[in-house]
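Chemist: The active site, tele-phosphohistidine intermediate feature in Swiss-Prot is assigned to 11. Taken from Swiss-Prot, the feature active site, proton donor/acceptor applies to 89. Annotation comment: Swiss-Prot describes 10-17, 23-24, 62, 89-92, 100, 116-117, 185-186 as substrate binding site, evidence class sequence analysis. Summarising the annotation, Swiss-Prot assigns site 'Transition state stabilizer' to 184.
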């Protein structure tokens, strides 16, 4: 018997997604296409009869605005929303803002793929005086220095999400609340890794499209019964 459903969604296409640039913690907004994707996601959820009790998102506007558009389509703009830096995208360090094709030409396909897809390899860190460091951003002012990365591996991203997932999100799901999480490609990959206990190889192969709801159905022990993309024709990922 299904106890509950969880909805995960990666933000709609951002301006830097469109320009093929590393984004990470840089606060870039949705592109025109991204806004369309977010509204379409809201319409799909409405057609499927979804309503929610609580929403989570990151502190980055591309995810926040995606959630806005979805909740507006659902006529649930009033819904309680918690924003957390722990749901941010992976921090890509000194790669942030750089074009992926140009970086590939400079460093080679193998090196760039290691930075992007491996579990434990960290991209080049921001330097100590780089103004892109989170310590210069007011939204992170209450965090300790050891919580603020200069760059992150995928494993580091997963590790920062684990306490938030276990301490904040999972208890709501256990309590029967209907939850939606609007986040980022790598933070959603981290959550899916926790839900499905993915192997390293499975995680590396997992890609999350922009603006498409992922539905998880659970039993009474919060074990996954099934998961699928919500689209005109539903399919497993």
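Every residue, even glycine, has its Cβ placed from backbone N, Cα and C.
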Chemist: Would you pick out, from the binding-site residues 24, 185, the residue whose Cβ has the largest number of other Cβ atoms within 10 Å?
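Modeler: Neighbour-count leader: 24.
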Chemist: If you count Cβ atoms within 10 Å of the Cβ of residue 100 (substrate binding site), leaving out that atom itself, what do you get?
Modeler: 14
Chemist: Measure from the Cβ of residue 90 (substrate binding site) and count the other Cβ atoms within 10 Å, all protein chains considered.
Modeler: 27
Chemist: Which of these recorded positions is closest to residue 24 (substrate binding site) if you go by CA atoms: 11, 89, 184?
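Modeler: Out of the listed candidates, the nearest Cα belongs to 89.
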Chemist: Specify the nearest of the recorded positions 10, 11, 13, 100, 185 to residue 89 (active site, proton donor/acceptor), where nearness means the distance between Cα atoms.
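Modeler: With Cα distances computed to residue 89 (active site, proton donor/acceptor), the winner among 10, 11, 13, 100, 185 is 185.
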Chemist: May I ask for the distance between residue 184 (site 'Transition state stabilizer') and residue 10 (substrate binding site), taken between their Cα atoms and rounded to an integer number of Å?
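Modeler: Rounded to the nearest whole number, the Cα-Cα distance is 5 Å.
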Chemist: Return the residues near residue 11 (active site, tele-phosphohistidine intermediate), defined as same-chain residues 6+ apart in sequence whose C-beta is under 8 angstroms from its C-beta, sorted by sequence, else 'none'.
Modeler: 30, 34, 38, 62, 63, 65, 66, 182, 183, 184, 210, 211
Chemist: Counting only residues 6+ apart in the same chain, whose Cβ is under 8 Å from the Cβ of residue 16 (substrate binding site)?
Modeler: 22, 23, 26, 28, 97
